[in-house]
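Note sheet for the following structure.
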Amino acid sequence: MVDEIKHSSGTNKLKSNAVGSIQGIFQSLSYVGPAADVAILLLGTVAFALVATPLAIIVAWLSYGLFMIMPYEFSKYKANAGSYYAYAAGSTRGGGFGPMALFTWMGENFTGQAFGILGLSAFIFAISTYISNIPYLWILFAVIITLYMFILPYLGIKVSTNYMAITGMLEVLLLVIGSFIIIARLGSANTLKPFYLPTGSAIGSFFFGVIFSIVDFTGLGTVTTISEEMKNSKRNVRKSILIAWLLAGLALIPASYALVVGWGLPSISAFASAPDPGLIVFYRYLGPVGFILLIIFTTNSYFSYAVSKTNAVSRIWYSAARDRVIFPEYIGEVHKKYRTPGHAMLVWLAISFVLDIITGIYFGPVNAALILLTMTGVCIVTVHIIGNTSLTFFSHTVLKKTGESSILYHYVMPTIASFVGLVIIYYTVLTNIQTYISDPTTLNLAYFIIVILAVLWIVVGAVAVTLYYKFKKPEVLQNAGNYDAEMEISENS
């Protein structure tokens with residue numbers, strides 16, 4: 001299937017006007033995986049924020065809104081599948097930010113899929129200790145989700161995004177309705193305590209919980225990766241980002257309150273050590289029906305994330321290969337019938353699968369996922385920082401001439417978002433180093449190594465690649481990231 005491609009540069013393109021804002025909304029929201037957050041990922045937040053977890057989620061949601069200003073603003077001016085890479089590359093005349101953003105993002109691309117490939121096994125194992133005791137059964141789950149996340153996106157952007165839109169709507173409805181039923185059944189147990197800011201020594205732990213929560217919202221900007229395939233892209237991408245952000249808050253904020261209060265404030269410290277607290281609370285207040293529905297939609301949440309991830313990564317690589325930055329032309333070839341970057345999907349998934357399996361065999365699927373996702377967080381936050389910096393440069397060098405530059409949206413807010421990002425990276429690196437020094441176990445050594453690798457990947461790798469193109473292939477960077485699908489459509493119409 002992958003070999004059926006269009007070799008001509010004039011026809012080797014993604015399918016234009018294929019999807020609308022609804023599909024764009026759930027391309028972004030599926031990457032967040034709200035049900036998976038509720039069932040599993042809120043553990044990290046609760047471990048630090050405890051009773052104040054709902055407030056931590058609100059602060060994280062608002063903070064991530066700052067991160068979304070960059071793609072929201074850039075998408076007004078460019079419809080390019082390269083997303084943050086293309087925005088960064090086109091922000092200056094020399095294009096130097098492009099290779100830096102791309103190589104840094106590749107660090108996230110290779111490790112982030114552990115959430116789908118290994119995360120599904122972690123969730124299933126949490127449900128049943130019997131299943132978790134069957135040796136290497138998780139590899140079967142990894143194979144199934146990997147095949148799924150290749151086949152569905154490969155068959156076309158409309159097929160994959162329609163699937164995410166339908167299941168995503170149902171997922172949000174389940175979380176919202178389920179949360180409000182739990183809240184209603186709590187009756188007099190409802191309290192405003194989860195929204196009080198902690199005091200004293202607890203304030204530090206609270207903000208560490210916020211850091212965990214910010215990473216949970218990662219992916220809300222991935223609609224930009226399918227911008228070349230969207231109708232009225234420069235309007236619908238912005239609309240999709242805003243609505244996806246609002247839906248993420250709607251799905252997670254009431255749910256976090258329902259889980260914390262439903263669990264019981266006096267025993268909240270036991271929440272993070274429970275095997276699957278989200279399922280426990282849903283079963284307690286919604287019975288077997290709520291329990292089973294959350295299992296179904298959480299499982300689907302991992303599959304939806306995997307599909308969204310494939311859509312996003314393959315199009316970033318396609319755009320970069322089209323520009324001849326890092327990737328060969330082969331990666332940028334598009335299937336003749338389905339108009340999808342099948343080669344990019346195949347190469348990326350092969351590398352990710354092998355990495356996940358090797359790491360999973362050594363550490364087990366749960367620990368392996370958490371180890372790899374440590375690098376994911378550092379890299380994706382750095383990509384946002386590069387993107388924020390690029391927006392400021394773009395505003396100063398291009399938008400200032402047209403009178404479209406905004407001090408608030410192009411200078412102040414991106415700078416604040418970058419500062420938040422630096423804080424996240426600093427504490428992520430510091431915590432993993434300190435943990436290994438105080439408790440030098442094999443597992444903590446793995447976290448130590450992966451966080452150092454993440455820093456080296458960015459500081460050494462991304463900088464080296466940038467300097468290579470800057471001095472050896474400056475002609476490549478001249479036009480990198482400049483393609484605009486919507487402009488091309490208007491010129492040809």
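Every residue gets a Cβ built from N, Cα and C, even glycine.
Heads up, TrEMBL stuff is auto-annotated, nobody curated it.
Here's what TrEMBL has on this protein:
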{"type": "DOMAIN", "residues": "26-477", "note": "domain 'Amino acid permease/ SLC12A'"}
{"type": "TRANSMEM", "residues": "38-67", "note": "transmembrane segment"}
{"type": "TRANSMEM", "residues": "110-131", "note": "transmembrane segment"}
{"type": "TRANSMEM", "residues": "137-156", "note": "transmembrane segment"}
{"type": "TRANSMEM", "residues": "163-183", "note": "transmembrane segment"}
{"type": "TRANSMEM", "residues": "195-220", "note": "transmembrane segment"}
{"type": "TRANSMEM", "residues": "241-265", "note": "transmembrane segment"}
{"type": "TRANSMEM", "residues": "285-305", "note": "transmembrane segment"}
{"type": "TRANSMEM", "residues": "345-363", "note": "transmembrane segment"}
{"type": "TRANSMEM", "residues": "369-387", "note": "transmembrane segment"}
{"type": "TRANSMEM", "residues": "408-427", "note": "transmembrane segment"}
{"type": "TRANSMEM", "residues": "447-469", "note": "transmembrane segment"}
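Within the chain carrying the transmembrane segment (345-363), a Cβ under 8 angstroms from the stretch's Cβ atoms is held by residues 2, 109-111, 113-114, 117-118, 121, 136, 138-139, 142, 146, 149-150, 153-154, 310, 313-314, 317, 331, 369, 371-372, 443, 446, all 6 or more beyond its ends.
Touching of the transmembrane segment (447-469) and the transmembrane segment (137-156) is ruled out by the presence of fewer than three CB pairs under 8 A, sequence neighbours closer than 6 excluded.
Counting residues 6+ beyond its ends, the transmembrane segment (137-156) has Cβ neighbours under 8 Å at 1, 15, 18, 116-118, 120-121, 124-125, 131, 163, 302-303, 306-307, 309-311, 314, 335, 338-340, 342, 345-346, 349, 353, 356-357, 360, 365 in the same chain. 38-67 is the stretch from 38-67, 195-220, 241-265, 369-387 with the greatest number of Cβ pairs below 8 Å to the transmembrane segment (285-305).
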